[in-house]
Amino acid sequence: MSAVMTPAGFTDYKVADITLAAWGRRELIIAESEMPALMGLRRKYAGQQPLKGAKILGCIHMTIQTGVLIETLVALGAEVRWSSCNIFSTQDQAAAAIAAAGIPVFAWKGETEEEYEWCIEQTILKDGQPWDANMVLDDGGDLTEILHKKYPQMLERIHGITEETTTGVHRLLDMLKNGTLKVPAINVNDSVTKSKNDNKYGCRHSLNDAIKRGTDHLLSGKQALVIGYGDVGKGSSQSLRQEGMIVKVAEVDPICAMQACMDGFEVVSPYKNGINDGTEASIDAALLGKIDLIVTTTGNVNVCDANMLKALKKRAVVCNIGHFDNEIDTAFMRKNWAWEEVKPQVHKIHRTGKDGFDAHNDDYLILLAEGRLVNLGNATGHPSRIMDGSFANQVLAQIHLFEQKYADLPAAEKAKRLSVEVLPKKLDEEVALEMVKGFGGVVTQLTPKQAEYIGVSVEGPFKPDTYRY
């Protein structure tokens with residue numbers, strides 16, 4: 001590693017290639033111009049230094065946009081140590097730029113599972129000893145789980161966790177229910193300016209981009225099956241429809257299924273009469289035999305299971321835009337079928353057996369990103385303007401929890417404060433306003449009479465917590 005581009009003597013990092021730092025810095029500067037909410041918070045709070053004294057363990061995709069988030073946290077007074085939450089999602093030039101700025105980061109694209117866990121451990125440890133961290137910023141919950149299982153003593157100093165994604169929120173809620181969560185958390189995922197931007201509009205932008213980069217296929221006129229119609233599924237379905245695909249949706253939630261119908265998508269099930277009894281006989285082979293592309297979007301396990309994979313049309317593309325690779329039964333694929341790497345993060349999965357394959361045989365599936373996040377494995381993820389809302393939420397959530405000083409409270413008070421909550425709506429609206437300003441939009445202010453008539457403050461919040469946007 002070159003020491004030329006980093007502060008003298010700084011070695012507290014591991015990235016693929018530190019010489020990529022200048023490239024990364026150029027991209028960071030462009031990203032800043034596309035992240036008005038995040039940069040607005042940086043300007044607004046720089047003088048107050050609300051995160052002075054905060055020591056943040058971060059585990060989120062090490063992209064260019066994350067670089068802007070990291071430098072915003074630092075600009076507001078925090079110290080950070082960073083790793084990526086996915087083995088394929090790091091942009092190496094982004095990691096290099098952050099390392100060159102003297103910020104500890106441990107991430108590179110194409111980590112093994114062992115290297116991934118090692119990188120997380122390096123953020124937790126400094127000079128071989130647990131760092132005196134007092135905040136956690138997580139995406140997916142792996143960092144949170146490692147802290148609870150291997151370093152529980154560190155939780156005594158930690159004021160809280162901010163969690164970015166659906167999967168991580170599910171894990172936090174399970175921990176809270178089971179009595180194993182030791183510190184409060186903010187569910188950033190369900191902030192409106194996160195879920196409606198990142199999950200929906202971000203996937204609308206980045207899914208088709210990733211599939212086209214990975215396969216060079218024309219998508220129009222082909223049939224796609226999107227598994228799940230939550231916010232991610234909604235954006236994904238729109239993304240494929242934009243390409244001219246014939247999109248079908250599979251859902252378990254009647255409300256989401258109804259929304260898919262109302263949006264003009266045919267709601268189908270890969271199982272006969274919607275019943276999965278675990279046998280091949282329960283599969284709707286006639287349906288799956290016509291599907292050219294299957295996308296999982298749920299955050300649940302085995303929603304594209306082994307029997308579905310057996311029944312899929314030859315040469316169908318299979319990918320996931322949820323969080324972990326267990327949405328698709330990749331374990332079955334590894335155990336029973338031969339894998340042929342076409343290029344990084346693109347594999348032909350030969351269904352003719354495990355021990356070998358005929359390269360000219362056409363009974364294969366094309367698996368993208370090994371079943372992990374396709375938009376970050378095969379492309380660069382959501383654009384900066386989308387991540388602006390998500391990361392502005394993260395900054396405000398970190399400030400909010402850090403100000404609460406949970407770790408300093410008496411035991412009785414801690415018991416009352418232990419929860420998983422969404423960011424207060426007023427802060428959500430603050431993020432939204434900065435985003436609107438970034439588009440050059442002008443928001444109309446209520447008159448006092450109008451505000452009184454609908455029972456809100458002129459300054460907001462403007463909707464009750466029960467309002468569904």
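Every residue, even glycine, has its Cβ placed from backbone N, Cα and C.
The substrate binding site annotation in Swiss-Prot covers Thr63, Asp139, Glu164, Lys194, Asp198 and is backed by sequence analysis. A coil conformation is recorded for Thr63 (substrate binding site) in the three-state DSSP classification, outside any helix or strand.
What Swiss-Prot lists as NAD(+) binding site is 165-167, Asn199, 228-233, Glu251, Asn300, 321-323, Asn375, and the listing cites sequence analysis. Using a 10 Å Cβ-Cβ cutoff, His323 (NAD(+) binding site) registers 23 neighbours.
Looking at Thr165 (NAD(+) binding site) and Thr63 (substrate binding site), their Cα atoms lie 16 Å from each other.
Neighbour counts were taken as the number of other C-beta atoms within 10 angstroms of each residue's C-beta; across the binding-site residues Val232, Ile321, the minimum falls on Val232. Other residues of the same chain near the substrate site, with their Cβ within 8 Å of the Cβ centroid of Thr63, Asp139, Glu164, Lys194, Asp198, are Ile60, His61, Thr165, Val188, Asn189, Met387, Ser390, Phe391, Gln394. Here substrate is bound by Thr63, Asp139, Glu164, Lys194, Asp198 per the record. The longest Cα to Cα distance in that group is 17 Å.
Around Thr167 (NAD(+) binding site), taking its Cβ as the centre, 22 other Cβ atoms fall within 10 Å, counting all chains.
Of the listed binding-site residues Asp139, Glu164, Asp198, Glu251, the Cβ environment within 10 Å is emptiest of other Cβ atoms at Glu251. The number of other Cβ atoms within 10 Å of the Cβ belonging to Gly228 (NAD(+) binding site), over all protein chains shown, comes to 27.
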